[in-house]
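Read the structure below first, then the notes.
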Amino acid sequence: MKRDTKRVAVIYGGWSSERPVSLSSGQQMAAAARKAGYDVTEIDVTRELASQLAEAEPDVVLNGLHGPWGEDGCVQGLLEVMGLPYSHSGVLASALAMDKLKSKAVYRSAGLDVAADKRVTRAEAAAAHALPPPYVVKPVNEGSSFGVLIVREGANGPPHELTGPNWRYGDYLMAEEYIPGRELTVAVLGDRALAVTEITTLRDYYDFDAKYAAGGSRHVIPADLPAKVTEAAMDAALLAHRALGCRGATRSDFRYDEQKDRLVILETNTQPGMTPTSLVPEQAAHMGMSFEDLVAWMIEDASCQR
């Protein structure tokens, strides 16, 4: 089917805590898809998504959603039921990758190095140290570093935020060994890893503001690493992508502890940010692929039974 006759529904927005990020990704992808010659309909997702899609009658769905409902297998399941080819990973891979504990079980079975962890409730994590400090507390099913808390060495007690009135990230958490070192990320497109980017920030860690605020972080591509570490990170990202059963584009994040020469995988994002300056498009551009071409690749890669 020619591009100018292929109807593409770009879905974005939704109601998760990552809605602002999704709006940015989706609108940028829609603009790129139009520039590439596709017939594009933009859909700001509501709980009536099935009706929204039925009205749009797309040939392909380009998924620009982030966070719960959009990247945890829920929307993917709806698209499978409706028989609409869609981008990125399928139901099972999306659900596994979104659950930090389940994805780490997959990593372990694949032979990847992961940080020690423990599943805890919010009440348990608030009552006493879940692990010996330093450690990190993460919601099991959130993205964009929402709800991530670092407990430093010497901390007198667990994070006070867990008992505060503004906590909205659920009652099931993962306490994880804190891995010092350099923040690395690797994008995978289909069956190939693209490059290794090092992320530096003046903040305590790569949090929401570091990820999305102007000047919040600096991306070094390619990362200045020993060749063996670069190769190991790219191999590990591709292995994680395959072990989870992912399709399309993913981005895996790592910590590299130079003192111990230890490369630890943190997570795999099945719906990575998709603005022209996001990490995956940056790596694609580094490899000679424009943002427009990247979006077109995702559209042409779309399918059901992913």
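Quick reminder: no glycine exception, Cβ is built from N, Cα and C everywhere.
Look at Swiss-Prot and you will find 104-300 tagged as domain 'ATP-grasp'.
Among the features that Swiss-Prot reports, ATP binding site is placed at 131-185, with the record citing sequence analysis. Neighbours of Asn166 (ATP binding site), defined as other CB atoms within 10 A of its CB across all chains, total 6.
Annotation note: Asp253 (Mg(2+) 1 binding site) sits in a strand segment as assigned by DSSP. Residues near Asp253 (Mg(2+) 1 binding site) in space but far in sequence (CB under 8 A, at least 6 apart, same chain), listed by position: Glu183, Leu184, Thr185, Ile265, Leu266, Glu267, Thr268, Asn269. Under the heading Mg(2+) 1 binding site, Swiss-Prot lists Asp253, Glu267.
Just so you know, the Cβ of Glu267 (Mg(2+) 1 binding site) picks up 19 other Cβ atoms within 10 Å once every protein chain is counted. According to Swiss-Prot, the Mg(2+) 2 binding site annotation covers Glu267, Asn269.
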(message) Are there any residues at least 6 positions away along the chain from Leu173 (ATP binding site) with a Cβ closer than 8 Å to its Cβ? List them or say none.
(response) Arg119, Val120, Thr121, Arg122, Ala125, Ala130, Val137, Lys138, Pro139, Val140
(request) Using all protein chains shown, find which of the binding-site residues Pro159, Pro180 scores highest when you count other CB atoms within 10 A of its CB. (result) Pro159
(message) Restricting to the chain of Arg152 (ATP binding site) and a gap of 6 or more, list residues whose Cβ falls under 8 Å of its Cβ, or answer none.
(response) Pro133, Pro134
